[in-house]
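These notes are about the structure you will find just below.
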């Protein structure tokens, strides 16, 4: 059943857009919304269980702060699927008749706030995680003394509060969220932009999202270059850094997923804020970009599910069997030695009572 394309009388309370229409298959959209919401909830729940188990094992080590940030990211994605998905399914099930079930525009405002919050918060957390790892690699002493669990939780709360502030900013400015042309979701005013304030909210959202992606890219680049430089210098201290590689791989994967999924939507919103969007092509492009952005919350948890050391070790064994041991034996020898010594150095830096026993041989610990 296709979407109702007839023009309806505008309702200021509901914020219905009538001049532009987008075609959506209602029955197919309901099916995919339910499937995506279910897969997202299950994936994020599994990732939360994995991260919390890992946190119990590493809560006294430098990896604990990264695991706390990662858990916050996955929990945010979980609630994003749960809340936004439930509202979207309800809208489709009600045949997108906003005038009937949301005359006061309350549900649309809640939907718009959730769309902004659960869109920006994961991007902010991804950039904060990249900054945290950059500090952990370039300033390990400062990281071990200042980046405590208490500070990490305060930073998580600060990121969430800032994202909430951005989400409720239009309400504080007496600008209601509006139903978009596809009549399936609510966001800032993207059609019939009236003044600078309408453009400001769209451009602020796009700028903050792109800034978070840029910070993630810059910090991950600095971290990766630092690790590679230390590795090839043949210094004894280099072996204390290699335990960061697993987290860096996960961060790079998160950054790639976020860039691929969110860049089209952020760029489209920025273009809409600058040039305005009044055409059917703009509506369809925004809807496609939005669907790509929803994949970010589905793919994020699989980064932690698949890119764990145990899984990577099995993949390494498969690659060894396929490619032969001679091509990668030198890397394997360095990796094994690095893991041993990195755990020893991490334990020494975080436990003053073990400084006197630093001359003892390291032991290999699996994750």
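Here, residue 1 is simply the first one shown, and the rest follow in order.
Glycine is no exception: its Cβ is also placed from the backbone N, Cα and C atoms.
The domain 'G-protein coupled receptors family 1 profile' annotation in TrEMBL covers 43-304. Feature annotation from TrEMBL assigns transmembrane segment to 30-52, 64-92, 104-131, 152-172, 200-228, 248-267.
In summary, the transmembrane segment (104-131) lies against the transmembrane segment (200-228): three or more C-beta pairs, each 6 or more positions apart in sequence, are under 8 Å. Per-residue pLDDT, averaged over the domain 'G-protein coupled receptors family 1 profile' (43-304), rounds to 85.
Through the fold, the transmembrane segment (200-228) approaches residues 116, 119-120, 123-124, 126-127, 129-131, 133-134, 137-138, 166, 169-170, 175, 188-190, 241-242, 244-245, 248, 251-252, 254-255, 258-259, 262-263, 266-267, 269-270, 272-274 of its own chain, all at least 6 residues removed from its boundaries and within a Cβ separation under 8 Å. Nonlocal intrachain contacts for the transmembrane segment (152-172), taken as residues 6+ away from its ends with a CB within less than 8 angstroms of a stretch CB, comprise 64-65, 68-69, 72, 76, 109, 112-114, 116-117, 120-121, 124-125, 128, 132, 188, 201, 204-205, 208.
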